[in-house]
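One structure is given below, encoded as structure tokens.
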Amino acid sequence: MNPSSSPSQSTANVKFVLLISGVAALGGFLFGFDTAVINGAVAALQKHFQTDSLLTGLSVSLALLGSALGAFGAGPIADRHGRIKTMILAAVLFTLSSIGSGLPFTIWDFIFWRVLGGIGVGAASVIAPAYIAEVSPAHLRGRLGSLQQLAIVSGIFIALLSNWFIALMAGGSAQNPWLFGAAAWRWMFWTELIPALLYGVCAFLIPESPRYLVAQGQGEKAAAILWKVEGGDVPSRIEEIQATVSLDHKPRFSDLLSRRGGLLPIVWIGMGLSALQQFVGINVIFYYSSVLWRSVGFTEEKSLLITVITGFINILTTLVAIAFVDKFGRKPLLLMGSIGMTITLGILSVVFGGATVVNGQPTLTGAAGIIALVTANLYVFSFGFSWGPIVWVLLGEMFNNKIRAAALSVAAGVQWIANFIISTTFPPLLDTVGLGPAYGLYATSAAISIFFIWFFVKETKGKTLEQM
């Protein structure tokens, strides 16, 4: 490769790249908002439809499977119709889901709207990191790729905050009627309309991915965008991209197969990163955190407030990753995070393993409660500066131009399936073996992740996408 053809820090249009990456990351914001907004409405939904916990739980878990479906489908759509049209499709799904989730007649049509929104979430989880990686200069790609996770955790935080505010103003999520005669829980879902419409409108205003345009034989359009994004020796950059895309056929899932017929090793690594990101149990902390905080002695109201605070900590730690990912690299941050999660989850396993059970709930007293409170937030910190944002950075950049969208869709689909497995197995684990052994399983996954990163993941800091 000709070093002079690589974009330099002086020629890159940082403000423009940050702007268009921020628009793409709005999909991540909606991803976080949509998955978290239901938490504040669960009790009201159960009361409104008179459903049992199993059926209510399906409204959460089936949305995760919808996300897996959306992720698997987004890659082919993005390769056939482009990154921008895929964003617009996701925005439409978010908009329809937001409206429909607030106007259900039965629990079953509510589940339909949640699954539809889940498909949008899955599509956004693929297209945002792919687009950001494809428009970012190499020296900025880690920081810009981390915007995806920052947007996700910000979406979660804003959803929790808006749920809390609406419930506070209405006197409870089940308060009916409230604003304009609609129950408070309906407004929790309708709030998503604002970012969904903003995402859809802004997607019309940003340029298509230059890598996609080159693959479609539109080199002149790609060159104009690359000049605005990177500057430097654009003709050489176009030649490099042309050498790494499939010009003889449209991208397809069969490109992920090796000559022996199995998946390419890099695809397995992407799937491993996605699965381990979920198997360390981060969503247990956010989905079921009230169990943890009540066991320490907090009331339900204070438990919800602490969950909001934990979400804010997650935002701050993601900013740490943005600051250091292009300085120290991806691999060191992942290793530090894995070690931190292994230690903190191990401590939580020991602490809750010795907890007394009162009315079916683990209860901690004295120093044990304080240790659990501090350790849980240290665990969130360890995840927040490493596996939260860095996995999205790697998934966006580790695959070559020929297979990026397809491979990312497979990896993201695996991530949503792993999320579904963890979210649905935690309640029975809690009922059968308790919190201690459950955290022990997640600690084991964190320990495995250390060896996985050490032996299988290569550093990508500073490399162009054409060097992958």
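Cβ coordinates come from backbone N, Cα and C, glycine included.
Membrane topology per Swiss-Prot: Gly82 and Ala138 share a side, carrying the same topological domain name. The recorded stretches the transmembrane segment (18-38) and the transmembrane segment (437-457) do not share 3+ CB pairs below 8 A when only pairs 6 or more apart in sequence are counted, and are therefore not in contact. Residues 6-7, 9, 12, 14, 17-18, 21-22, 25, 28, 128-129, 229-230, 318, 321-323, 325-326, 330, 388-390, 392-393, 396-397, 461-465 of the same chain lie 6 or more positions beyond the ends of the topological domain 'Cytoplasmic' (136-149) yet place their CB under 8 Å from a CB of it. Looking at the topological domain 'Extracellular' (171-186) alone, the prediction's average pLDDT is 76. Through the fold, the topological domain 'Cytoplasmic' (458-468) approaches residues 1, 6, 133-134, 138-139, 142, 211, 240-241, 243-244, 325-326, 329-331, 394, 397-401, 404 of its own chain, all at least 6 residues removed from its boundaries and within a Cβ separation under 8 Å.
Here the transmembrane segment (308-328) touches the transmembrane segment (150-170). Their Cβ atoms form 3 or more pairs under 8 Å, with each pair 6 or more residues apart. Sequence-remote contacts of a segment are chain residues at least 6 beyond its ends whose Cβ falls under 8 Å from one of its Cβ atoms, and for the topological domain 'Cytoplasmic' (388-412) they are 71-76, 78-79, 122, 125-126, 129-130, 132-134, 141-142, 145-146, 148-150, 152-153, 211, 215, 241, 244-246, 251-253, 255-256, 264, 266-267, 269-271, 273-274, 277, 282, 314, 317-318, 321-322, 325, 330, 333-334, 337, 457-458, 460, 463, 465-466, 468.
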